Amino acid sequence: MDRFHIQGPTTLKGEVVISGAKNSALPILFATLLTSEPVEIYNVPKLKDIDTAIKLLNQLGAQVEHQNIIVFSDTSKVHACCAPYDLVKSIRASIWILGPLVARFGYGKVWFPGGCSIGKRLVDLHIKGLKKLGAKIILGEEYVIASVNGRLQGAHIVMDKISVGATVTIMSAATLARGITIIDNAAREPEVIDTANFLIMLGTNIIGAGSNRIIIEGTQKLKGGRYCIIPDRIETGTFLVAAAISRSHVICLRSNPNILKCVLRKLRESGADINTGKDWISLNMHGRRPKAIKICTKPYPGFPTDMQAQFTLLNVVAIGVGKVIETIFENRFMHVPELIRMGARVQILNNTIICHGVDTLIGTRVVSTDLRASVSLVLAGCIAEGLTIIDQVNHVDRGYDNIERKLQNMGAHIQRITDK
């Protein structure tokens, strides 16, 4: 398994080009199963999870190819409706394949997904939604089967809790259902809107994506077409934090400030000077150390849980005492013990992290445990004194396109070591 060797401290600064949003690309890739016509998807990031999703689709009989930032997908010859275990176990987003399979083919079998180890990440909301649409569900210990005779049937679905994943599953399946589907208490994330816009491009009618009520008018057949994925707001936020903890400056190109308002507000609160344009964001600390802040993770448009670990690091090296409250996932503080090994002064009280800011971190050997925790350790290694070794960096590869090259361009001394 690969590891990073990072020699610090370095000042991270300069320009970075933001990749397409992983959390849009994955559901959109799986949603290509809804149509038998060719689809071209632009601005698709080069990620381990994307590669796995493409392998999964190809094993079902699809013809999917990733060239640079473009994916060409043709699912007209899909001959299997069971997602193979060896691929599903490594990517939790694989549950998104179930809705399109049952909607178009009347049958889908998916092994319970793997990926990150941050909490339970239950799929019950996906299953409840498909049941409401008329799917018959069989639950095994490690798999779920969804089937329907004929077409799914539109329904009024009130989500028990806000869930991006379940909103996408229901919305995708409903595109081929008979009649109208209404989703209340729907997730409002930009990636939900992006997926909805892709489905609209395929020929379905969706109203209200981005609000807590989404209305989908099902159709019998969808067409093909071309679509461009939005920039990754979490990658954008990560590089903004990289400059903030370096007390330096960065310009994030091909980004969208309109989908990052809460993060930008908190960065300004920490002392950052931020300017924005239509497709760029600049941050400048003017050599100042950031000020400690309070954040509380909430569903969009609140503070994103996927930025929690990065802002924990910001508070670790900030002036004063900062507080981080995690309300979305349990067990998402696995980066904290590793930061403490690097010299952080941090306490965990239930779902809250209290950070007493320190001026300097010290390089050491740490282990990455999940995607966002891992990237916080990478950034910590860049500003720490001495050598930091980060094991199990495959987690970072799941969500960040070419991160070492982008950090090297910003001044980091980071090297990937591959064990033979």
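Using N, Cα and C of the backbone, Cβ positions are placed for all residues, glycine too.
A quick note: this is a predicted structure, and the numbers were derived from the prediction, not measured.
Taken from Swiss-Prot as is:
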ACT_SITE  Cys116  active site, proton donor
BINDING   Lys22, Asn23  phosphoenolpyruvate binding site
BINDING   Arg92, Asp306, Ile328  UDP-N-acetyl-alpha-D-glucosamine binding site
MOD_RES   Cys116  2-(S-cysteinyl)pyruvic acid O-phosphothioketal
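For the pair Lys22 (phosphoenolpyruvate binding site) and Asp306 (UDP-N-acetyl-alpha-D-glucosamine binding site), the Cα-Cα distance reads 12 Å. A separation of roughly 12 Å, to the nearest angstrom, links the Cα atoms of Asn23 (phosphoenolpyruvate binding site) and Arg92 (UDP-N-acetyl-alpha-D-glucosamine binding site).
Under DSSP, Ile328 (UDP-N-acetyl-alpha-D-glucosamine binding site) is assigned to coil, being neither helix nor strand in the three-state scheme. Among the record's UDP-N-acetyl-alpha-D-glucosamine binders, Arg92, Asp306, Ile328, no two C-alpha atoms are more than 17 Å apart, and one pair sits at exactly that spread.
Of all the binding-site residues given, namely Lys22, Asp306, Ile328, the one with the smallest number of surrounding CB atoms inside 10 A is Ile328.
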